[in-house]
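Notes follow the structure.
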Amino acid sequence: MPDTNNNNNLFPPDNLFTINTLDDDQDDEIDFGQIFFELKKRVLILILALVLGGGIGYSISRFVLTPTYTSTSIIYVMTKETTITSLTDLQIGSQLTADYKVLVTSRTVMENAIKKLNIQDMNYLDLRRKITLENPQNTRVLNISVLDTDPTRAKLLTDAVSECASDYIADIMEQDPPKIIEYGEIPLQKTGPQSGRNAVIMAAVFFMITAGFIVISTMANDTIRTEDDIENYFKLPVLAAIPERDPEAARKAEQYNYAYRKKQK
C-alpha cells in the first residue's frame, strides 16, 4: 500500500505562494512625492496651460466682450430745511442719504429719466441695473453712477437720473430739491472688461484644471513600474530583475554571432 504521507510531502503547502494583498489603509495613502514628480515632469504642459489660458482670457476681453463706460454725478443731501446744527442733524443727514438711495432708484424716477431722453429700447428695470449709488463715508453727498456700453449715453443717463431724482425727492418730502453738485461727464477710459485681470483668472483656471488632471491620473494609476513599487505594495523583496531588451544591442549581437559562425566554417 503506497505511503500517502510521502506523496503529500511532494507538494508544497497551499500558502507557500500566497501573495500579501494591499491593506485598506495602504491603498488609501497618497504619495505626494510621486505627485510632485509627475507635476515636475510635465512642467512644460503646465506652462503651456498658463499661457493658453491667459491668451484666451485676454482675447475674449479684448475682442469679444463689449466695453463699458461709467459716468458719475453728485447730489447734496442736505437742503435749507435740514441745515446741520448738531450731532442729531448729522444723524438725520445719514438717514436722509439712506432714504435718497431708495428714492433715486424708484420706478417713477427711472421711467421719468427714460422718457426725458426718449429711449425706446430700455425699461425701468434695465436702467436700475445700470445704476450704482455710493455715499462716501462721513459725507452728505450721494454719487450716482451709470454704466453703459455707450460713453455719451452713460453721461446723459446719469444727468437725467440726477435731475429727475432731485425733482421727485422735493415733491415727496415737500422740501427744496437736493442740489446737483456735479453733473456727469463723457468717460474717456472704459470701465470694463479688465483684460489683465481676466487673463490672470483664466490662466489660473487652466493651470488648476491641468494640474488637477495630472494629479488625478497619477493617483488612479496603480501600475507597478519599479522594484520599489513591488516592495511597497506587496511587502516582498525583489530577488531579480529582467532588463529591458535593447533592439539595437540585440541586432549587433546577432550580426556578431553570424560573422563568428561564418568565420568558423
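Using the three backbone atoms N, Cα and C, a Cβ is placed for every residue, glycine included.
Per TrEMBL, domain 'Polysaccharide chain length determinant N-terminal' is recorded for 28-117.
Long-range contacts of the transmembrane segment (43-65) within the same chain, counting only residues at least 6 positions beyond its ends with a Cβ under 8 Å from a Cβ of the stretch, are 192-196, 198-207, 209-211, 214. According to TrEMBL, the feature transmembrane segment maps to 43-65 (among others).
Residues 30, 34-35, 38-39, 42, 45-46, 49-58, 60-61 of the same chain, all 6+ positions outside the transmembrane segment (199-220), place their C-beta atoms under 8 angstroms from a C-beta of that stretch. Marked as transmembrane segment by TrEMBL: 199-220 (among others).
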Confidence summary for the domain 'Polysaccharide chain length determinant N-terminal' (28-117), mean pLDDT rounded: 83
